[in-house]
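Read through the structure below, which is laid out as structure tokens, and then see the notes.
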Amino acid sequence: MALQQSMAMPMMVVSDLGTAPRSSPMVQLQRMKKHLVVVAAFKSRTKASPKVDKSNKNKSIVEDGIFGTSGGIGFTKENELFVGRVAMLGFAASLLGEAVTGKGILAQLNLETGIPIYEAEPLLLFFILFTLLGAIGALGDRGRFVDDATGLERAVIPPGKGFRAALGLSEGGPLFGFTKANELFVGRLAQLGIAFSLIGEIITGKGALAQLNIETGVPINEIEPLLLFNILFFFFAAINPGTGKFVTDDNDDQ
């Protein structure tokens, strides 16, 4: 009996050593949480930061003329070209009408003339002011003129503050030519002509031709040749599309 008991004791010890101890449910739960945290840390994905377009920051502002982009209400040179063409048509028609009828622009519209400037119609004064500001580029002259390609090079008017650039002309080269830059120049001259002829007619009661002592109220075939040439020139310049284009800040070809 004693031998049997002594043999059973080592067997129980071996059995106890070979059996793995069981952990409590709380310990297993904590181990699972740690495992989940580690898996989440390695599998989490970070979103890539959006690419920043730096081209807008480095984009140069295209300005040309006396006042530049910041000096106006947003007019581009293409807008000025349209207004100038309308002014050329209006000035040519007013000169032709005065040469035939003998009446100035305001007299043809039955507006009061021969009065002080401060007694003129407010709408008429606003129109004169708007025309003067447009003629000198104060409404905004954003953009620059780019001539059509000739060979491998292009003639580009660089932004500047010179007198000729302010009038829409190239700093170098010929003065006149049927480009959009020269159209802009002729349109501004027509705007100045309309504005000053209106101011003179308000004060003196005489039209633009009467102020220059040119005979009016005659048939078309008896109009002075130089006057007829000017009328035809403004009319042709208004309807003739010039070469080249205008480039604005947004790189749009006008």
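Each Cβ is built from the backbone N, Cα and C atoms, and glycine gets one as well.
The structure displayed is predicted, hence computed values, not measured ones.
Swiss-Prot lists 42-148 with the feature repeat '1', giving a curator's inference as the kind of evidence.
Look at Swiss-Prot and you will find 149-253 tagged as repeat '2', backed by a curator's inference.
If you look up Swiss-Prot, you'll see 1-38 marked as transit peptide, on the strength of sequence analysis.
What Swiss-Prot lists as transmembrane segment is 86-106 (among others), and the listing cites sequence analysis.
Among the features that Swiss-Prot reports, transmembrane segment is placed at 120-140 (among others), with the record citing sequence analysis.
What Swiss-Prot records for 184-204 (among others) is transmembrane segment, and it gives sequence analysis as the kind of evidence. Sequence-remote contacts of a segment are chain residues at least 6 beyond its ends whose Cβ falls under 8 Å from one of its Cβ atoms, and for the transmembrane segment (184-204) they are 77, 80-81, 83-85, 87-88, 90-91, 94, 104-107, 113-117, 120, 124, 127-128, 131-132, 134-137, 145, 167-169, 211, 234, 237-238.
Here the transmembrane segment (219-239) has Cβ contacts under 8 Å with residues 85-86, 88-89, 91-92, 95-96, 99-100, 178, 183, 186-187, 190, 209 of the same chain, all six or more residues outside its ends. Residues or ranges marked as transmembrane segment by Swiss-Prot: 219-239 (among others).
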